[in-house]
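What follows is a set of notes on a single structure, which appears directly below.
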Amino acid sequence: MNDCVNGSSEDEFYIVAFSMSFFKQLALFLVLLIIYLMVVLGNLTIIFLVCLVSKLHTPMYFFLCNLAIIDITSTSTCVPKLLMILLTQDHRISFPCCITQMFFYILSTSGEIFLLTAMAYDRYVAVCKPLLYYTIMRKNVYFVMAASTWILSTLNSLPHTIHASTLQFCISHDINNFYCDLNTVIELSSTDVTSQKMFMLLEAMTIAFVQFLLTIVSYIFIISAILKISSSAGRMKAFSSCTSHLITVILFYGPCMFLYLKPQSDDSKEQDMLLSMLYLLVVPMLNPLVYSLRNKEVWEGFVTLLKD
């Protein structure tokens, strides 16, 4: 291996992951494997239900289907490699694999941000303009919204990964994380990354903050409209149509905000990895449960599919 990693296929990084005994790593492997299978099976179930049950061919469930795809992508990008590390103790990852992992992780993360905003707008129209809902949220409209989510996410991920692939790593190849996180990788670089760090900060403000703000504004209008409903039953019905998405927003933004806004230190690296794992595994596992447990349409669709 060369002294400096330059992106050639023979170069490698070393994923440090977790420092623990073999038996603890084996226990962690079993727990992660079970959760990962639940993530994949739960989200695949949502995808199949939305595709096969005509009753679920609505904008809300179309967006939910895209969310399930994103959850499977984000989890499958990082977790299988971690499982292999825990099982085989082989911590090596090639430079192209690391860059590929980074690309799909950034794509899925930014994709979820854009998609949650689109879903918030869908709920805004459903509650605030119910009579115009199917006029505004026509099929071509929500198809374009979903396609824009994937296109913008790809365009967001490409510059980061292309720039990372041109960096040199002369000091260390040890990634102090359980996947190829962009921040962790560029910290290892012997190249000047000041401009990329500035770009990342600007991107975080213009994408994450703006999309979060748009989601909050949507819910301000939604709550205002719900409070104007005279009957308590009507208020409960309107609010129940938004609770699943609201819980998903909290589950997504909660760990992210705590992870990126808290003070960084060397002692908190393992805590940061656990929080990242919470975002990568627990949130995608809970999303199908949140939508299935709180929406009788999903259960009815499941029953219909079994009868057919």
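From the backbone N, Cα and C atoms, a Cβ is placed for every residue, glycine too.
Since we're looking at a predicted model, the values are computed, not measured.
So that you can see what the record holds, here are the features copied from TrEMBL:
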type	residues	note
TRANSMEM	26-53	transmembrane segment
DOMAIN	42-291	domain 'G-protein coupled receptors family 1 profile'
TRANSMEM	60-82	transmembrane segment
TRANSMEM	102-121	transmembrane segment
TRANSMEM	141-158	transmembrane segment
TRANSMEM	204-227	transmembrane segment
TRANSMEM	239-261	transmembrane segment
TRANSMEM	273-293	transmembrane segment
Subject >> Close approaches to the transmembrane segment (26-53) from elsewhere in its chain (Cβ under 8 angstroms; 6 or more beyond its ends) >> reply: 18, 20, 61-62, 64-65, 68-69, 71-72, 75-76, 79-80, 82-83, 86-87, 277, 281-282, 284-285, 287-289, 291-292, 298, 301-302, 304-305
**OP:** Compare 60-82, 102-121, 239-261, 273-293 by their Cβ pairs under 8 Å to the transmembrane segment (204-227) and return the stretch that comes out on top.
**Re:** 102-121
Original post:
the transmembrane segment (273-293) vs the transmembrane segment (102-121): three or more C-beta pairs under 8 Å (separation of 6 or more)?
Top reply: no
Subject >> Stretch of maximal Cβ-Cβ contact with the transmembrane segment (239-261) [cut-off: under 8 Å; candidates 60-82, 102-121, 141-158] >> reply: 102-121
Original post:
Taking a Cβ cut-off under 8 Å, which residues six or more beyond the ends of the transmembrane segment (102-121) line up next to it in the same chain?
Top reply: 60, 63-64, 66-67, 70-71, 73-74, 77-78, 142, 145-146, 148-150, 152-154, 156-158, 160-161, 164, 179-182, 185, 207-208, 211-212, 214-215, 218-219, 245, 248-249, 252
Original post:
Over the domain 'G-protein coupled receptors family 1 profile' (42-291), what is the model's mean pLDDT?
Top reply: 86
